[in-house]
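Straight from TrEMBL, the features:
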| type | residues | note |
| --- | --- | --- |
| TRANSMEM | 26-48 | transmembrane segment |
| TRANSMEM | 211-230 | transmembrane segment |
| TRANSMEM | 236-261 | transmembrane segment |
| TRANSMEM | 282-302 | transmembrane segment |
| TRANSMEM | 308-328 | transmembrane segment |
| TRANSMEM | 335-356 | transmembrane segment |
| TRANSMEM | 376-409 | transmembrane segment |
| TRANSMEM | 531-552 | transmembrane segment |
| TRANSMEM | 558-580 | transmembrane segment |
| COMPBIAS | 626-641 | compositional bias 'Basic and acidic residues' |
| REGION | 626-650 | region 'Disordered' |
Amino acid sequence: MGCCSSAAQSSKREWKPLEDHSCTDVPWLLLFILFCIGMGFICGFSIATGAAARLLSGYDSYGNICGQKNVKVEGVINSGLDLTHKKYVFFLDPCNIDLAHQRIKSLALCVSACPRKELKTLADIQKFAETNGSTLCSYELLPSEYTTDPRAAKLCPKYPVPESAPIPFFHRCAPVNISCYAKFAEALITFVSDSSVLHRLISGVMTSKEIIMGLCLLSLVLSMILMVIIRYISRVLVWILTILVILGSLGGTGVLWWLYAKQRVSASAVETQIAKDNLQALLIYAISATVFTVILFLIMLIMRKRVALTIALFHVAGKVFIHLPLLVFQPFWTFFVLILFWTYWITVLLFLGTTGSPVPNEEGFVEFRMLGPLKYMWWYHVVGLIWISEFILACQQMTVAGAVVTYYFTREKRNLPFTPILASVNRLVCYHLGTVAKGSFIITLVKIPRMILIYIHTQLKGKENACARCMLKACICCLWCLEKCLTYLNQNAYTATAINSTNFCTSAKDAFVILVENALRVAAINTVGDFMLFLGKVLIVCSTGLAGIMLLNYQRDYTIWVLPLIIVCLFAFLVAHCFLSIYEMVVDVLFLCFAIDTKYNDGSPGREFYMDKVLMEFVENSRKSMKEAGRGGGAEGRELKPMASGASSS
């Protein structure tokens, strides 16, 4: 790792972009490595205790693993059998599903073959056993006793036995016709009240899969095109949005006062209590709208110059993507790594579901339960899901920040590294994994209580009183807001670390000071900029959805194509969000770099700006406007004037 040979983190406070690199937050990296070793121990433990074999091969209600010899479970009949030739799990009543506990309430047996056709009587079950050598009744019954023994009604499958086939890799016999899972499907999809509707929905998806894939590709292309053209239409788009907001607020306020005046004239003729109440309500609405419009105008008046900075940053962000084209593919790598980790996590979760010691239950069957401290491995595994997922996302943020910082603070763009993205990844792995681990852990500490409260709220739905429900929702909302604020601060802390190679706390403090000094600009960028990107997402979703409607409308084979359209729109929003979130990330990193540049440099010899020409024009225009207004100490002056400490340190 490059951390082993580096000196301890110094306490320097100067901003020296890209001059030196040192390891940051090494103890947190060691803690994260130990945590990952613990995650690996859980996986190894579940495999060593036979959970993998039970998951893949399946096991019956007596604790026997299908397809192998088994050890006797004390106090359980039919356990410890040699089931080498019986490789499939068969449920006597596969359609009896317990929705509360997410399991099949049925006796499970190991059989040598699944019934590939419907068996309507006990005689058919007996004939199937004699022909295929697969006994579908409990082990204590011989095939010759199926039609004569009175216990067959309880120990044989409920008939008619549906046609079934083995699930690939998991050796479970599952009914071919999913209609017996209609109750389960209705519980998951509440709008499906008839199984035929579900069949038509699924058939619509399967028959239109080519169109769905084509539309998903269209959303991908539209997202990439939008990232290019935002650079050229940012100025026009921002002012169009501003004009629309102004006209909308003025129009809404005018309509409310017009309705109030009209209602007042009509109410004078008919004096009823209802008319008076309506008139009073309209007056309150009109006054509230007027106050809102005035406040909105004042905010726009104060922030009108900072909107120009948002436009300039969006323009420079477009240039960044031209010089660093690999940034476009960052969402793909992150998503791919997340999918790999989530697949591993779910696999281990399934292992944990079948791990533990065999314990007889009240019905005389076997359940596998973890006893003692081992039962808390579930919680460790859940924390691992959150922390490692946040760690992967934080690595993306640090990678993007490092690449954009390299672009911004390289005066001659032709001297950029061949692949700034790979150079940023290299710095991350060698120096800053500890910082990423610490930042992601802080987000995890906020996420876990919020998820616990959401779980409690879900479990108590309909049982708690109104006051408790309101308090729970308020706590969940506060934790959500705290998480969003910390995520934004973390992202800027990663940028400060990429610039100056300081540890997480120092970087977060420095970034926070910079953001507070430029609070109005931050507000402008996060309102105007985020709203622009949101409209971009809406544009991509609407364009993809419109294309989907036009294509699917001409396909007469589909009875219901609502589900394919919903799938396409959701995928389009996901793709647009992934791409435009990278754009938003680049803009935020550029802003912090710009704020640091204007704080410690003034354009004089020896203290030249690093910024792009577009941002330089913005600074010059701001200075000219300040000189013309005759006020050098206003808000703009404070934000653009280099600080004394910056001058002395440079």
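Glycine is treated like the rest: Cβ placed from N, Cα and C.
Automatic, uncurated: that is what TrEMBL annotation is.
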*Positions on the same chain near the transmembrane segment (282-302), where near means CB under 8 A and six or more residues out*: 242, 245-246, 249-250, 252-253, 256-257, 259-260, 263, 520
*asked:* For the transmembrane segment (308-328), give me same-chain residues lying six or more residues beyond its boundaries with a C-beta closer than 8 angstroms to one of its C-beta atoms, as numbers and ranges.
replied: 224, 227-228, 230-232, 234-235, 238, 400, 403-404, 407, 413, 416, 419-422, 521, 524-525, 528-529, 532, 579, 582-583, 586-587, 590-591, 594, 612, 614-615, 617-618, 621
*Does the transmembrane segment (531-552) reach the transmembrane segment (211-230) with at least 3 CB pairs under 8 A, where each pair is 6 or more residues apart?*
yes
*Would you mind listing the long-range same-chain contacts of the transmembrane segment (376-409), meaning Cβ under 8 Å and 6+ residues beyond its ends?*
17-18, 32, 35-36, 38-39, 42, 45, 320, 323-324, 327, 330, 333-334, 337-338, 341-342, 345, 348-349, 352, 370, 416-417, 420-421, 423-425, 427-428, 432-433, 435-437, 439-441, 443-444, 447-448, 451, 490-491, 494-495, 497-499, 582, 585-586, 589-590, 593-594, 597, 610-611
